[in-house]
Amino acid sequence: MAVIKVGIADSNICKAPDSITTLGLGSCVGLTLYDESNKVAGMVHVMLPSSEVARKGDFKKAKFADTGVPELVDMLIKAGANRSRLKAKMAGGAQMFSFEGKMDTLSIGARNVEACKAELMKLRIPLIAEDTGGNYGRTIELFSQTGILEIRAVSKPAKQI
Amino acid sequence: MNDLKDMDAFHLDVLREISNIGAGNAATALSTLLQKKVDMKVSRVIPMQFNEITEYVGGAENIVATVFSRIDGDISGNMLFVIGEDNAKGLVDDLTGKTGDGQLSDLALSVLQEIGNILAGSYLTALADFTGFELQTNVPSLAIDMAGAMLSFGLMEIGRSGDWAIMIDAEIHTEEETGTDDIAADTEKNKGENMDKGGKGKSGHIFLLPDPESFEKIFIALGVHRYGSN
């Protein structure tokens, strides 16, 4: 069983029996999509809500919620997933530092979470579980055999959703 | 400069000098506070991709204490004082003259935040004097958590425009004692030259991450924007 790693502003997919993970999510959101029938899973590590802020034409799609989520859907379909069976889970979107909320009406973490939800709604993909917000970092791992998303944080017991 | 990763060696040297001046002032301030000798290493200035930055501090899951300040004014950017958990405890013990029980109490946390506050303030004062900039910071905020979770927040502004950041890293350390290790010492992921292992005393890093537009302004202020390959 291999563990596929996803970096910041990156995405990837895996098939059973492998798992897919991203480490140290703070205000970023780790969004996963899973097709239970084909046991194909994908993960994107979203850093910012909208690609409108991208100052260059050429950017990594996985960095933004509005481009990263559709790209992940395409990757999964190419890998044999059934689009109508995709179900989403996500974690992250924390506020790591106390002043963050003052810089904007909503902290970037909360905005990332909202943008991911809006994108899922647009793509008509159900969000079946989430572990978002708070003020702590998270490492997440999705097991493609079961679709279970495990969340690990410093000095907190591991959690499965 | 079209891309941060294409910055030439001359301009990287200018940034290194700025960091040396800032960190020198910060080390002096910490030394006064601790009544101990505080040294600094020659700063490192390295263009790197986001994922490399988390590796640089010992991996995304390495637990560190970070005091984060947002800089605004004539230039903008983020400043982070990053110190490994054990080093942070040691530093607090040095300052309070007590030996902690291995836990960071509320008092210890505010001491740590104050150290970060003083370091950032003295670094920026030197930077402002040197460049003639008006600079302000918010009240710094402290968190102890996974390095990736905190550094990625520091990279957010840079992330809007590209996938590269210029890491301006100043390392300061207190002398004496059979010190604990550097923030990255206990991870094998660390590639060795990035972070010094071992050594004596407690060491921490001051990272300056200017927003992309700020580099040009720094070089103009110092009269070196036309120098070199551009």
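Heads up, residue numbers simply count up from 1 along the chain you see.
Even glycines carry a Cβ here, placed using N, Cα and C.
Feature annotation from TrEMBL assigns domain 'CheC-like protein' to B:10-41, B:108-142. If you look up TrEMBL, you'll see B:178-198 marked as region 'Disordered'. Residues or ranges marked as compositional bias 'Basic and acidic residues' by TrEMBL: B:186-198.
If one looks beyond the domain 'CheC-like protein' (B:10-41) by at least 6 residues along the same chain, the residues whose Cβ comes under 8 Å of a Cβ in the stretch are 1, 47, 91, 94-95, 115, 118-127, 130-131, 166, 168-176, 196, 206, 208, 215, 218-219, 222, 224, 227-228. Across the domain 'CheC-like protein' (B:108-142), DSSP assigns 24 helix, 5 strand, 6 coil.
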